[in-house]
Amino acid sequence: MSTDCNATVSADTFQKESDFPKEVKDALRAIRKACEVTRKVQSQMIQTNKSDEVTQTKVDKSPVTIADYAAQAIILKELRESFPEDVFLAEESSNGLQEDLETGDILASKIQELTGTETKAALFDAIDIGKSYYLHRSNQNDPNRTPDRFWCLDPIDGTKGFLRKGQYCIALALLERGSPTIGILACPNLMVGNLKDNNKHGEDSLGCIFVACKGKGCYEIGLDEALSHFHRLGYRNDSMLYEDPVKARFCVAVEQGFNDPDGTTIAIGKVLHGGLDSEGEILHCTRMDSQVKYGVIARGDAEFYVRLPKNHKDNIWDVAAGVLCLEEVGGKVTDTTGNPLDFSCGGKLPTVGILGARTEKLHESLLQGYTTAIQSIRLQDE
């Protein structure tokens, strides 16, 4: 089965949420349910100030919360019911709960309550739908072949942001023949509109979703269906964009240690802006966690995205949905050599580092800035 977004409506774009293809509508229904849970867990953490009671530390030292597990179980269970022949790849595994003899059972009981799952076995099954990608590959004549169609999910992208009560998102993508065809970023703590207007709309407009469909554009809708907000991005408010790289705004990660341990992003900012601020920060820069950054750039709140972890190849669930959102507004996302990202090589990208920009022209400037910054850093190290 293939997603034919172009067959959904006769017009060039979607006019309302009900025009979206079945894949998007079913995904949105599941994602909105999951967001209710993530909001509830985050609200309880704020009230009790006890994040340790809902969190584990994984083998790679990264945190995972009951909200991660619950969101994954909710979304994958619903999508499997809608598309039983599809394959799924997701970040979390029930192993973390089943093998944690100290707190796993307690956390699993909390997740059961959040998801309304009758038994722990049913909960673990729902979470582990995200392993079907690997089972599918192992059953093929060529185990290295990527499925022609599969979903990838990060149930909470930006768990550290979630824990610090900041930005995070649920990131879901459908990939077909090695390319993202649907990308959804649900951002419960990001207001609709733009960053400048975040105080204008009030609490009722807190929470937005970016929906991209290949060849049909990227749209911003309200997380709450009652907030009848439906806006195609990239075709209005382009006057907000800064085409001059000297003024173009970066939207990059909060934590530099993992995402840019060598300080290359700041060096790029220095090259493009002609200097840094008094504290050594990029002159025009917003920092936030998760793939929310792609949505912020897609709607015109920033122009540059840079992710430069050291010796770390990104999991595709950390990238696919956001990349499609940015590309569908005319943006460009590549590796650090300027080549398109390759989603056909398995669960991870084959290359290290990502450069994204709101327009192709700005991407040229960003790539040039990266090359100059790398040369400068190498000279300093000699």
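Cβ coordinates are placed from backbone N, Cα and C, and glycine is handled just like the others.
Database features, via TrEMBL:
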- Glu91, Asp154, Ile156, Asp157, Asp318: Mg(2+) binding site (BINDING)
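The local packing around Asp157 (Mg(2+) binding site), expressed as other Cβ atoms within 10 Å of its Cβ over all shown chains, amounts to 28. Other than Glu91, Asp154, Ile156, Asp157, Asp318, the residues of this chain whose Cβ falls within 8 Å of the Cβ centroid of the Mg(2+) site are, in sequence order, Asp68, Leu153, Pro155, Gly158, Thr159, Ile170, Ala171, Ser290, Gln291, Asn315, Trp317. Cβ-based crowding with a 10 Å cutoff singles out Asp154 as the top-ranked of the binding-site residues Glu91, Asp154, Asp318. Listed in sequence order, the residues of the same chain lying 6 or more apart from Ile156 (Mg(2+) binding site) and placing their CB within less than 8 Å of its CB are Thr38, Thr65, Ala67, Asp68, Ala71, Phe162, Tyr168, Cys169, Ile170.
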